[in-house]
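Participant: In case it's useful when we look at the structure, here is the feature table from Swiss-Prot:
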- 1-10: compositional bias 'Low complexity' (COMPBIAS)
- 1-86: region 'Disordered' (REGION)
- 15-25: compositional bias 'Polar residues' (COMPBIAS)
- 67-79: compositional bias 'Gly residues' (COMPBIAS)
- 125-146: region 'Disordered' (REGION)
- 135-243: domain 'PET' (DOMAIN)
- 242-306: domain 'LIM zinc-binding 1' (DOMAIN)
- 307-367: domain 'LIM zinc-binding 2' (DOMAIN)
- 368-430: domain 'LIM zinc-binding 3' (DOMAIN)
- 427-484: region 'Disordered' (REGION)
- 459-469: compositional bias 'Basic and acidic residues' (COMPBIAS)
- 638-679: region 'Disordered' (REGION)
- 641-653: compositional bias 'Polar residues' (COMPBIAS)
- 657-666: compositional bias 'Basic residues' (COMPBIAS)
Amino acid sequence: MQQAPQQQQHPHPPSSSYYTQTESELLQIEAGGTGLTFASHSQRPESAISQVASTAHLDVPSAASSGSGGSAVSGGSGGAPESAGRFVSPLQRRHCQPPSHLPLNSVASPLRTASYKSAAAVAGHGFHHSHHQQLDFQRNSQSDDDSGCALEEYTWVPPGLRPDQVRLYFSQLPDDKVPYVNSPGEKYRVKQLLHQLPPQDNEVRYCHSLSDEERKELRIFSAQRKREALGRGAVRLLSDERPCKGCEEPLSGGDIVVFAQRLGAQLCWHPGCFVCSVCKELLVDLIYFQRDGNLYCGRHHAETQKPRCSACDEIIFSDECTEAEGRTWHMKHFACQECEHQLGGQRYIMREGKPYCLACFDTMFAEYCDYCGEVIGVDQGQMSHDGQHWHATDQCFSCCTCRCSLLGRPFLPRRGTIYCSIACSKGEPPTPSDTSSGPQLRPTHRASTSSQIAKSPRRGGERERDPGRKAHHGHPKATGSAGDLLERQERQRMEAAGVADLLLGGGVPGMPRPAHPPPIDLTELGISLDNICAGDKSIFGDTQTLTNSMPDMLLSKADDSHSYQSIDKINLNSPSNSDLTQSTQELANELELDNEPVRELPHDGYEQLFANNRNQEHPAEQYDDEQLDNRPMKEVRFHSVQDTMSRSKSYTDNSNARRRRRRRNQSRSSSEMQINQTNLRLHNAQTQVGTTPLNLLNNLDNCDVASICSTCSSSSSSDMDDYVYRLPARKHYGGVRVAYVPNDALAYERKKKMAQDSSLAPGAGNASVGGAPAIMHESKNCTIS
């Protein structure tokens, strides 16, 4: 037989004489043991059966076997029933010796050659060239039923059936398993012949190196199986109703079924249910082995009695064998698939059902770590995900951003790398609310800057004005950008005042000075210009005293590690306004000590200061009114902030209204108010170059008296103070929010320019000389949004 797989496993492929002899023995066993005479069938089914049983040579020592078998091969002349002649034409009409030049199928050509030789032995040699067209197998051949030519479209048919019954039988099988000529069903049949009926289970010559004792055991084993278990199914029409043994479904009379005489005459199966009980494949050519009432193919029946070697596919007859992974091997065959080193008692790795030693497995199949690039050995732990591999260590299997270990915890694969959280996958530090994040990472540059500002030591010449001042300071959250802004504005103020000693030895030591400080983070809904000014008790004072008070303010901001927090988080961490009021009052007390000509201002605002100046300097009221007309108007300017967007609005100067607004805004964040108040104090102190009451009054006026909206040129008035409206509850829409804060540098430049322009212009009309400036009385409130 020209089977490449069989030639690789067996030194001598089965010959045509082997198939013929096997068929004869099988027929004799069934005829003599059960009374069934299959020798009466036509030569066509007989030759097909010789193809089936070719790989299952069953040695049955019987003298009657040869005679009966020879009679069967010769054409079934002995004991043949007359029913065979009704549907099978004479053999000389159906088969003849094939010509030497005819190309036969590479898989089944030896089988057909054997059948032609058998037919030629009976029919003679007179029709060698007269029926060449019959040898060209056609799937849809057309002929009458008496000729039997319709059976030639199959490579095998069940014995004892008419052509219409053959078609009825094959209609019960899947199309891909019907053995049409040159079809997938034919290839399936040949494959199952080799698999279900391995020749090495019956013939010594198909085995490799067997000892004399093992050869003897093989012959005894094969003969016993044939005698006790071998059989072939018979296909007939059912005469009565009975259930199918395979699927338990009822069968009715007239159905075509399969009988197995060794299991009992009352048991029958659908043609598609006649399968092996182990592999569930159709029993090829209806050849079966039975044991304990179950059907088996030849391979699995042999394995129920003897183990089979997984390497050579032969039955193990020796007393010793190796068992591994639920399978068995000969002792010498359990070796590495690559280097053939025997693995008995040694460590090995199974891959695709084949054993490998550790060295060969590492060489052929080891993976490389995606982090360190080293080989992951078989003795090392390995983590794998979506085609990627890592060492199972804290260093290799870790977050790509923060390098925290991911062993035993969920991870986030993204773009070929793994992360511990979504924040790390974006290159950001994890937020406190991120429960999936690992250990806290290193603080950002902004947080480091804030921490450095908060921990800076005080200057050497600082004097403690109030011993209990530290106890009144809270710990509001602040940002590093606010500290940078305060330090820069302090330097500008000191340069404007001409205090050189403070510039050389003062300030805040070690404070970084970025070229472009980040913007102040304002996260409140609305920022009132009046609220910014309302917290100041005094804008007068020595520059040194103001500098000395700054470290206390900066020290209260040391706890912040994340600059940009959500609005809700900032509000939760904000202290009450009482703490802010105490801090502002202490700053005013310090400033008052160095400014004795000016009395302490009340907490509520600047109104009493205006009244006192009117009483003391009434003769100069007109002059002050003229100065008021020449003063620049305070404007609202836009300050872009990336994270938030606030709204700003102007209020009136009435102190009672400011008290009400202060109580109404208890929940506002004190951090942003303290930042804005500090900016305003620094701006007012920076713009003051003299200490005369008139200059101080002008600076005070610039802060709050004439707050003119730059958009609609309207101002707030105390007349409409009782009608101040309240903003609705803020809804967070996301995105970028715009905040409005006074820009000190621009305000200072504009004020100087407007002062110069007004000095060149002719004097304004009705202006008082020594009194306080008059307050404008418009009745409009402006909201910039």
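Glycine too: its Cβ is placed from the backbone N, Cα and C atoms.
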Participant: Summarise the domain 'LIM zinc-binding 3' (368-430) as counts of helix, strand and coil residues per DSSP.
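Facilitator: Secondary-structure breakdown of the domain 'LIM zinc-binding 3' (368-430): 4 helix, 19 strand, 40 coil.
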Participant: Could you break down the residues of the domain 'PET' (135-243) into DSSP helix, strand and coil, giving a count for each?
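Facilitator: Its residues fall into 53 helix, 11 strand, 45 coil.
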Participant: DSSP says what for the domain 'LIM zinc-binding 2' (307-367): how many helix, strand, coil residues?
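Facilitator: Helix, strand and coil residues of the domain 'LIM zinc-binding 2' (307-367) number 8 helix, 18 strand, 35 coil.
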Participant: Please average pLDDT over the domain 'PET' (135-243) for the predicted structure.
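Facilitator: A mean pLDDT of 84 is what the model gives the domain 'PET' (135-243).
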